[in-house]
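Straight from Swiss-Prot, the features:
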| type | residues | note |
| --- | --- | --- |
| BINDING | 90, 109, 111 | Mg(2+) 1 binding site |
| BINDING | 109, 112, 272 | Mg(2+) 2 binding site |
| BINDING | 112, 113, 114, 115, 200 | substrate binding site |
């Protein structure tokens, strides 16, 4: 693949003359420029005064780092002059209504995974672009299927922008010399079936039975019903996990569990689950709570949390079957289902 096609050129071709699409183009271009500035900050780390120390908590109760605040402001500044009706940031309690008559509204998580800064693990920016309804304040009470565009940026060994405009998924890599994003992956397709899973297994005792059953099945490997050996991955960075799935498949799970405050998972529907689900589905994968398609969910509140299971479509469907089929009746303590339970033939 030639790496000479820039993000700006790609957006120009896809936008055409349509005013709505051109508004999306302008927003994505501005978000990409903001991402370059955020990438500069994350690359410099302590040299830019970034320590990773907590600066308090955001309105949702999560620890807020200095870089969260700085990234939030960089994105706001980049979008402020554009025809955008509403901004919604994970770092802010309320909507920021800019221009109610504008055609699009943008939600974003300015720095996902900022708790990883001190350990030099990839962090990222996630965004979602919605059409503005007649009542602009209802912009983010639409199902995820209404999204016009979604993307995320990974600030890692490379800075990569992953984007869908509803016509497949492209990957752009930042050329640090020219300071532009260039196309490096087009029409990405997630393998339908894969042998990697990502979940924080330290929480196993808190999981619902279907999640436990699925992971136990993976751990049985070739001796279990799947007949395949699995590898486990857990980075603790949503953007890094999603990028890996786009490139080589697998399944990511951040389920709800029995702990206080975790019943509905921890990831935000508007800022994280909706955009990730749109991207993953556009690349041929699946995204679900285990019981419901993520893109069908209508937010009940701006900062609503949901369980998120995403990745290779066959893996996701298998876990959905465990939530809705007869497997939910399995004994909770069947040891890896190796000698009893419905998984053994």
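Each residue, glycine too, has its Cβ placed from N, Cα and C.
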Item to complete: Indicate the candidate from 114, 115 with the smallest number of other Cβ atoms within 10 Å of its Cβ, considering only these binding-site residues.
Response: 115
Worksheet, complete the sentence: Sequence-ordered, the binding-site residues among 113, 114, 115, 200 whose CA is within 10 A of the CA of residue 90 (Mg(2+) 1 binding site) come to none
Item to complete: Check each residue in the chain of residue 113 (substrate binding site) that is at least six apart in sequence and keep those whose C-beta is under 8 Å from its C-beta; list them in sequence order.
Response: 121, 122, 123, 124, 236, 237, 238, 239, 240
Worksheet item: Whole-number Å distance between the CA of residue 109 (Mg(2+) 1 binding site) and the CA of residue 115 (substrate binding site)?
Response: 14
Discussion item. Please give the substrate site's span as the largest CA-CA distance among 112, 113, 114, 115, 200, to the nearest whole angstrom.
Written reply: 18
Worksheet item: DSSP on residue 114 (substrate binding site), three-state: which is it?
Response: helix
Discussion item. Within 10 Å of its Cβ, which one of these binding-site residues (90, 109, 272) has the largest number of other Cβ atoms?
Written reply: 109
